[in-house]
Amino acid sequence: MAASDPVICSNLIDQLGIHPTVAKMLVRRGLTEPNQARSFLNPKLEDLHDPFLLDGMKEAVERIQFAIQHNEKILIYGDYDADGVSSTSLLMYVFRWLQADVDYYIPNRFREGYGINKEALHLAKERGFQLVVSVDTGISAVEEAQVAKELGLDLIITDHHEPPEHLPEALAVINPKKPGCPYPCKLLAGVGVAFKLATALLARVPEELLEIVALGTIADLVPLLDENRIFATYGLKKMSQRKQIGITSLLEVSGVDDVVSAGHVGFSLGPRINASGRLDSANQAVELLLCEDLEEAKQIAEELNSMNRERQHLVEEMTLEAIAEVEAQPDLYQHVIVVAKPNWNVGVIGIVASRLVEKYYRPVIVLGIDEDKGIAKGSARSIAGFDLYKALTECKEYLPHYGGHYMAAGMTLPIENLPLFRSKLSQLAQEWLKPEDYIPLTMAEERLVIDQIDVSFIDQLQALAPYGVGNPTPLFIIENSQVARMQSIGRENNHLKLQLEANGKSLGAIGFRLADLAKEIAPQADLEILGELQMNEWNGKRSPQMVFRDISIPSMQVFDWRSNRIRIEDIETLQDEVSIYMCSEKARERDWLMQKSKDQVIFWERIEDNEWAERVLLKKHMVIVDPPPTLNHLKQGIQQWGQIERIYLLFGDADFDDLLVKAPSKENFAHTYRVLQRGKGPISISKHFTSLSRATGLKKRSLSFIIQVFEELEFIKIEQGFIHINPTPERKPLTESKFYQAQLAREEVLQTLVYSSYRELCQYLHSQLPVIGN
């Protein structure tokens, strides 16, 4: 949780009338002025910047207008990802509206690779094109721009990627990141730059194209701030109205049937648009966005959906192969992962790289090797603290071609350069990254308690959407809450639903695909929970709910598995590597446990030995397989153990079948002694035991118990089946009898650990050690 200036927050609260937490969130996003924050909360098209502030816009517009007026053939040169497809489609619409003689060209990822290529320019010249307008590509095409010039082709470059040291010599280069460009918003995607060109050409903001702008902007993972936020907000609203035929068809095959969010674009529409360029030609995706026939659009959308399924299978297969490579040589990939293999599909290596970052959290480069050409094409994904574009620039002696930005990049290199390239990157990572940089952090906006969360607060949170890069989905930690109810839900019971309570208030929470956590949460557990706060609307009622991602249980948990069933089945469900099993040497599971986990079994009879203390240092779960002889045994075990995260109790009252329900009273002992004294001489146990039972009014087990205590205290002597009264016994209290003490101790164990309620049990166990739960 980043800090935020309290004075600035207070000003925003006063000026905008917003919740204190929302004010802090705005400040963390760099929105410190009331007008700035107001614009963020209420994006408006009139806040879009003048497109002519982009350096090169005036020259580009004049040249395009000249081409249209003179019927010159114009070629839009695009890229094969969702941003490039959106950019291409957008300008196709605009040029057609302006009645230009226009066509588009998107290079094949496999045959041509990324960016403008010389062969395509020669082909454009042969086909009679006189003007080439690039979208989402071209900023690094220095040699290609020279070829275009030699061919007599005018080239206008529109791009948003990081400019190299030397820019291409083109008729116009439009890129907000270009050195010296005064344009206020440097964050535009390729489609955003194309939209600015469209606005300049049309002399108006083409609102009918905002769906396409939002699609490319969100899918390209640019920060959803400034103009990008306006594009996303308005574009998503239009998508929800289902006006654009191609996007509507894609929403349908994606199973999106409600209000469209940035998440739907990023995880449903974007991957399907990208699938065409990853596996075949991106032209299909362009044709979908340009399509005006509903049936044709549905057919193309189904084809893209099918391609996406194929892409998912391919990604899964390649990811498993890459993981196997990393696991086989972990030392080699300690700092940076650079994996390469022949015949890996270069269309999906970027996704595989992202998967590896998720798993290992370190910079990753995945390359597909073309053995015939002797080259490797790669895609890179990074982590915070490691600037990929800067790293690749440091490695440029090994890379004939590379490009990208801080977190993602692409490159091509000769196969023989791979070892040196890997070594250099590893060296850079060791220099730039600290050990803590390899630990992924989840940032939460604020710690809240349930009392602070109401419908009004959720409404204000929703004003911060759409979320994305630069404006991440806000996550919160709900603390000091208790689990009131817990259940697995969903068709496959793979989601977990919780009802949390605190101070008489409640909050519903759901964790998608987190049902496995149920076995990690004890009833009534006190927990902290991390997730996204949303509005739950059901049957006309609105209430806050949390979609949680993770939980933390700060205090020791007690898992009440007390029963008389077979314990082996329960034990096999536990995390053996962090468990210690407590039992007696006579436990019926003893042999099985010793065979299964010998070093993790501790006998109650040996609890006073210090040798077991070292064995529990890294163990966090105490599994009590059968009850301790005394509560002191349990207390001693807990004290010597130290910090315990969980205690499991697996025993039941059947473990006390040999125990008297209650020890006889002192009166019972005194009366029995008097009855024995009335006997004339030794008393035969076999002959007179029943009559003794009647005379004392005790059941035989109680009578037997008293006789054993008397014998231990030397009040009587038993020889050859006869009871002999000691005529001069030494006066001793009953508590000197170990047998009597054991009965009382076992009674205490039974009452405290078996017959107690769950709440009483938890209170007792937590009370045994001050550090538990701290």
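Just so it is clear, glycine is given a Cβ too, placed from its N, Cα and C backbone atoms.
What TrEMBL says about a protein is an automatic prediction, not a curated fact.
Not measured: the values here are computed from a predicted model.
According to TrEMBL:
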| type | residues | note |
| --- | --- | --- |
| DOMAIN | 73-217 | domain 'DDH' |
| DOMAIN | 336-430 | domain 'DHHA1' |
| DOMAIN | 448-550 | domain 'RecJ OB' |
| DOMAIN | 557-765 | domain 'Single-stranded-DNA-specific exonuclease RecJ C-terminal' |
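Predicted-model confidence for the domain 'Single-stranded-DNA-specific exonuclease RecJ C-terminal' (557-765) is 87, expressed as mean pLDDT. In terms of DSSP helix, strand and coil, the domain 'DHHA1' (336-430) has 38 helix, 31 strand, 26 coil.
Taking DSSP states H, G and I as helix and E and B as strand, the domain 'RecJ OB' (448-550) has 17 helix, 55 strand, 31 coil. Each residue in the domain 'DDH' (73-217) gets a DSSP state, and the totals come to 59 helix, 23 strand, 63 coil.
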